[in-house]
Amino acid sequence: MASLRLMRADELCLLPRPTASQSSLFNTPFRAHRTQLAASKNRPKFRVLSSIREREAAVKENERVAKGEVPLVPVRDPDDSGRVSSSSADEVGFDGKWPPWKNLPQRYKLIGTTSLAFVICNMDKVNLSVAIIPMSHQFGWNSSVAGLVQSSFFWGYALSQLPGGWLAKIFGGRKVLEIGVLVWSLATALVPVLAGFMPGLLLSRILVGIGEGVSPSAATDLIARKMPLEERSRAVSFVFGGLSVGSVTGLLLAPPLIQNFGWESVFYLFGFLGIAWYFGFQLIEQEEHKGPSVASVSFSRSQPMYMNRSWDTSLKELGGTLKDVPWKAFFKTPAVWAMIYTHFCGSWGHYTCLSWLPTYFSEELNLNLTEAAWVSILPPLASVFVTSVASQFADNLISNGTEITKVRKICQSIAFLAPAICMTLSSVDLGLEPWEVVGILTGGLALSSFALSGLYCTHQDMSPEYASILLGITNTVGAVPGIIGVALTGFVLDSTHSWSISLFAPSIFFYLTGTIVWLSFASSKPQNFSKADR
């Protein structure tokens, strides 16, 4: 016997309304304009009302919906097992089953798990910065050797950017991301085993860098393929915001783990988390292969047609070479050069502060090591909050008709000018208390997260097809400050004994010049690079 299921009138296939709001995880409730299909081995069949009376009732209910009312209309669902569900549950993809995210649209599952991967990414990035202290004591490393071990991560990170973008374009960001997570997690778990053998230890850290290096391009490709334009800022911010969460989580967990279980436990546990993520991601992929549910179907006029490319199409592209990528068109475009330089400028400030702020807090502000460690958590912690505000701010401007390029310029300008001003205030002797300096720097570095709604969205805006490769180009240049900027800061500090000159002055310079270049040449206008390269 057919079971009853409650369903919104505007979802019925009898009298579809001419317009409907688009679904969004971030703005619920939503009413998607879609046709209800029931699975069949041979062909799809429409769900129909089981009586003429219900058809007549649906006509009346649709008229009420047009006036802004949203009634519930009972319909027969031959595929259910006697259970009655409400439309409020269907609105967000839940049907009372466990886990609650089972029927969420597939793109939201992918974005959520990708963000979790970035949490684990930065946990594995910061774990060595804490563990290097007991490791140096155990193996008798001096500062030069410890610096060599830490910098080896950036060797792999820089080398993997362009290959990662190319592979993401061929196979899709999802496949590249899951392989990247598996590689860096296995390499992380091997660190305790190889720590006594320097070449092996350096190789393991290079592999961590390679695995994490392909991830930004993979995530960019995944977002460009799966997310409509009106949700893109929030998707980018949600995914890359996982880096800040990972930094905070890693810095919080690593000290007690090392104290209670030894430094080896950090690498074993964090590596295990990444491996567990890999197998969980496989389950989501298997769900999608079973066929998208009604709840996972989204409609957006802004989604590019290439998002429907199949795995077979990607394999065919493997027969091509890197010559198929329109490199010449990339480097003839001023907006691409603006992204490259802006990425370099942002990375200089980020990597130098990430490496040297704990020492600055300890030596310049006379905080003990425990206080310096806790204070170092504040910038990434504040960034988590700022990221959500920035993404909502950018998407609201776009929804209200503001030109996309203008939105990206506003967000990136905030991301650069805010830390530049705060570093200037910290550099000048204003007689500020240590907690005031900490507050100023925390606020400035947190506001730099506006870049996630500025620079980091421009790759997809400009070319969804080549977004991963474009990010690979800019990220390759952006990795250079991690190799030379951190070392140069230490060298200048030894020479001048001035934090203002060694740490803050170069960052302020790059922030200001990056802002000028960005405002002058940045553009989110879609580019047909393939055609321009002919």
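A Cβ is built for glycine as well, from the same backbone N, Cα and C atoms used for every other residue.
Among the residue ranges 144-168, 469-493, the one that TrEMBL annotates as transmembrane segment is 469-493.
Residues 438-457 are the range that TrEMBL records as transmembrane segment, among 118-137, 438-457.
Between the transmembrane segment (266-284) and the stretches 179-203, 235-254, 469-493, 499-521, Cβ pairs under 8 Å are most numerous for 179-203. Within the same chain, residues 334-335, 337-338, 341-342, 344-346, 348-349, 352-353, 356, 360, 364, 409, 412-413, 416-417, 419-420, 423-424, 426-427, 454-455, 485, 488-490, 492-493 sit at least 6 positions outside the transmembrane segment (499-521) and bring their C-beta atoms closer than 8 Å to a C-beta of that stretch.
Contact check: the transmembrane segment (414-432) against the transmembrane segment (235-254) gives fewer than three Cβ pairs closer than 8 Å, residues 6 or more apart, which falls short of the contact criterion.
Summarising model confidence by region, the domain 'Major facilitator superfamily (MFS) profile' (110-525) averages a pLDDT of 83. Long-range neighbours of the transmembrane segment (438-457) within the same chain, counting only residues 6 or more positions beyond its ends whose Cβ lies under 8 Å from a Cβ of the stretch, are 220, 232-233, 236-237, 240-241, 244, 339, 342-343, 346, 349-350, 353, 357, 361, 365, 375, 378-379, 382-383, 385-387, 390-391, 393-394, 407-416, 418-423, 425-426, 432, 471, 474, 518, 524.
Residues 147, 151, 153-155, 157-158, 161-166, 168-169, 213, 216-217, 220, 325, 330, 336, 339-344, 346-348, 350-352, 355-356, 455-456, 459, 462-463, 499, 501-503, 506 of the same chain sit 6 or more residues outside the transmembrane segment (469-493) yet have a Cβ under 8 Å from a Cβ within it.
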